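A.B. asks: First, the structure itself, so that you have it in front of you.
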Amino acid sequence: MLLILELLVLIIGLGVALPVQTHNLTDNQGFDEESSQWISPHYYPTPQGGRLQGVWQDAYTKAKALVSQMTIVEKVNLTTGTGWQLGPCVGNTGSVPRFGIPNLCLQDGPLGVRLTDFSTGYPSGMATGATFNKDLFLQRGQALGHEFNSKGVHIALGPAVGPLGVKARGGRNFEAFGSDPYLQGIAAAATIKGLQENNVMACVKHFIGNEQDIYRQPSNSKVDPEYDPATKESISANIPDRAMHELYLWPFADSIRAGVGSVMCSYNRVNNTYSCENSYMINHLLKEELGFQGFVVSDWAAQMSGAYSAISGLDMSMPGELLGGWNTGKSYWGQNLTKAVYNETVPIERLDDMATRILAALYATNSFPTKDRLPNFSSFTTKEYGNEFFVDKTSPVVKVNHFVDPSNDFTEDTALKVAEESIVLLKNEKNTLPISPNKVRKLLLSGIAAGPDPKGYECSDQSCVDGALFEGWGSGSVGYPKYQVTPFEEISANARKNKMQFDYIRESFDLTQVSTVASDAHMSIVVVSAVSGEGYLIIDGNRGDKNNVTLWHNSDNLIKAVAENCANTVVVITSTGQVDVESFADHPNVTAIVWAGPLGDRSGTAIANILFGNANPSGHLPFTVAKSNDDYIPIVTYNPPNGEPEDNTLAEHDLLVDYRYFEEKNIEPRYAFGYGLSYNEYKVSNAKVSAAKKVDEELPQPKLYLAEYSYNKTEEINNPEDAFFPSNARRIQEFLYPYLDSNVTLKDGNYEYPDGYSTEQRTTPIQPGGGLGGNDALWEVAYKVEVDVQNLGNSTDKFVPQLYLKHPEDGKFETPVQLRGFEKVELSPGEKKTVEFELLRRDLSVWDTTRQSWIVESGTYEALIGVAVNDIKTSVLFTI
């Protein structure tokens, strides 16, 4: 019988109306002078995984042994999600029963196990970054790993290092660790290690340039009815080559060095090509230059093409369907990928690499699923029993929720400890804090953000915003936390314990009563908030990204009313990022200001502990707070007539993001990056530097690749009957299968490959590559800097000396000052310790866009050690 396999260009083809010419790299990589457009060069083929010497070799040996025995259908089943709500998790792959591989469970998110019962809502990435505590970065990762493992999750969709947080109004900034790539990289690497120590694979996201939520997706009424219907394409993040390497790619390199198993590509375009089909970003930067050995998974329906995304390096499609096509049974992959392999549009070697990378990542991270570690929850119902496949009401009714409590003393303690150490003391005049029960006998608490939301906390993806802030909204939230403690609960409990007269006024608009009560209070605490989240939820007109940096709920007027009537007013800011504080920061009656990011379930406990002195503040700002809102990089809201919005603000600011911009332009911020007061004073002195390893200008050549491998099963493509849908299987309409229908006929695929397309693998790595996270030499210690720190106060406390590096002033490359080290040390009263910072070769390097490699310039460098980027206490020079 003659069999014809149709290849639909709509489903499998390019899927994008973008230029496909090759592009020569220039000083501004990605910017084409001739067309005056940002264009991503093509890079082919996808580097085959498992060829780095000494890296993941055991994992690849095991993976290759399995894949070599698999059929095309079995391999495809690993690459494609089964469809939205067609499994217990937010993402479920197909299974390979013949080899004991069940459906893989992929579950959000960076703050905890989303959409499950009894899970802990942990402090956000932003709050975690504010601790500047490497030990807590790891412990939080371990606690997350324990809970994901206990719920039967195989792949945790976090941590987030994209967004980098370059835009103060960015909706999802709270998920990541702050507005600095070095801080983000250190925190992400530790989080990944903690997760994967607990046999849960981490998935670092969003790759790359996902700096705003507005226009992150093309218009689709099923996704967001408020989007401009003329938006034909997602926004393009236009990023120059040097900024790409020194800023946006930096924390991904740390993540890969830490052994992360998977990377999630984002919805947006990068230099006018969609992230999940951007061969330069995935094949070249991620898999070739950074030596990534795991697999790339799409954000949910961020895949915009079939064959094109496959040859561009995408390895897994989630949740399987097309954008806006939930539960339609339509996919770019699944059956269509099977077709594309059989008619040789997608080389079978590429499919082999996808499947091998997925299995190797499972082995390398010890997250390979077992029969006793399967999901014990449903993401889509809170009931104990429900349909096996939520969307298919004809599927069997089974026990879907086992109500497993994944928390223990370690996870509870870690959540509170991170929350406490993340809180930043911004102002503390007249020793207002900690609160002294002897001085404060009458205490007033006010503000909507102090108490519970009238709607409770089980709103869709934490979209209840008329109460205390625990998380931002969206898929990065936990959803159904076990409990949440408000500031009202804990502040009132401490007031009772200290026998204070206490009152709480929630009203924030009619200020008559609060003004009257404040005039009689010895101290007034005002808790305020500003919230953001993911763009699929629109709250008070905010489409994920904030419309402004103003406090919510009339809070500026509330603070003014209280402060004008109480000479001892404490403002507690709870927010997902920077807020405008100019209306009250210098008010003489506002004697203390505290900032807290989304602190998770124990938010109220942590805030009260800091205010009442049960814990000392030791957090530092992971971003810059400006005096003028004009100093923030704006959110792009302009949609051009062609319906293809572009974000050129990233290119315009280039390397000058957050504190780099303020320092370079000599702009005084309200609160600088790294700023944070303490209840003690410290002395920083006696900086010394020593060379650990000779550093040449250029990187050494990396080790050669191991030999390319093949499974020698190309004859499979001659037997499409092997892929027919099993005649005895029950077929669910919405489910995404890898099988072919038996009534199709076979003809040659007619696919227009991009110019420069090739299937020939490299035999040698490029100079900046060859190792996990890049050339191994980048990760060698080049210099060590020591400094003495001493606690001059009266209580044991934690102190964070920070090292900023200043490059040679006469160098070829203009390089802004940048964070290159921090340590958190505990010191008892009078105690002195020597703190050591290690400067890696990469910390000294700049990206040479001409040589397309990292180089170390000769000249005099200065290591600046201080307590904030603009508060340097001592420094030391060294010459290379």
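Note: Cβ is positioned from N, Cα and C throughout, glycine not excepted.
Positions annotated as signal peptide by Swiss-Prot: 1-17. The N-linked glycosylation site feature in Swiss-Prot is assigned to N24, N77, N271, N336, N343, N376, N548, N589, N712, N743, N794; the stated evidence is sequence analysis. Summarising the annotation, Swiss-Prot assigns active site to D299.
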A.B. asks: Could you work out which of the glycosylation sites (N336, N376, N794) has its C-beta surrounded by the smallest number of other C-beta atoms within 10 A?
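C.D. replies: Result for the glycosylation sites N336, N376, N794: minimum number of other Cβ atoms within 10 Å at N794.
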A.B. asks: Would you count the other CB atoms within 10 A of the CB of D299 (active site), including those on all shown protein chains?
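C.D. replies: I get 22 for this one.
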A.B. asks: 10 Å Cβ neighbour count around N743 (N-linked glycosylation site)?
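C.D. replies: Cβ-Cβ neighbours of N743 (N-linked glycosylation site) within 10 Å number 8.
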A.B. asks: Could you find out if DSSP has N376 (N-linked glycosylation site) as helix, strand or coil?
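C.D. replies: In three-state terms, N376 (N-linked glycosylation site) counts as coil.
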A.B. asks: How would DSSP class N77 (N-linked glycosylation site) in three states?
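C.D. replies: Note: N77 (N-linked glycosylation site) is helical by DSSP.
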A.B. asks: Rounded to a whole angstrom, what is the C-alpha distance between N743 (N-linked glycosylation site) and N712 (N-linked glycosylation site)?
C.D. replies: 29
A.B. asks: Nearest to N712 (N-linked glycosylation site) by Cα, among N77, D299, N336, N376, N589 (recorded positions)?
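C.D. replies: Checking each of N77, D299, N336, N376, N589 against N712 (N-linked glycosylation site), the shortest Cα distance is to N77.
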A.B. asks: At 10 angstroms around each C-beta, which of the glycosylation sites N77, N271, N548, N589, N712 has the fewest other C-beta atoms nearby?
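C.D. replies: Lowest Cβ count within 10 Å among the glycosylation sites (N77, N271, N548, N589, N712) is N712.
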A.B. asks: Please identify, among the glycosylation sites N77, N271, N794, the one with the smallest Cα-Cα distance to N343 (N-linked glycosylation site).
C.D. replies: N77
A.B. asks: Can you figure out which of N77, D299, N794 (the recorded positions) comes closest in space to N589 (N-linked glycosylation site), comparing Cα atoms?
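C.D. replies: Looking at Cα distances from N589 (N-linked glycosylation site), the smallest one goes to N794.
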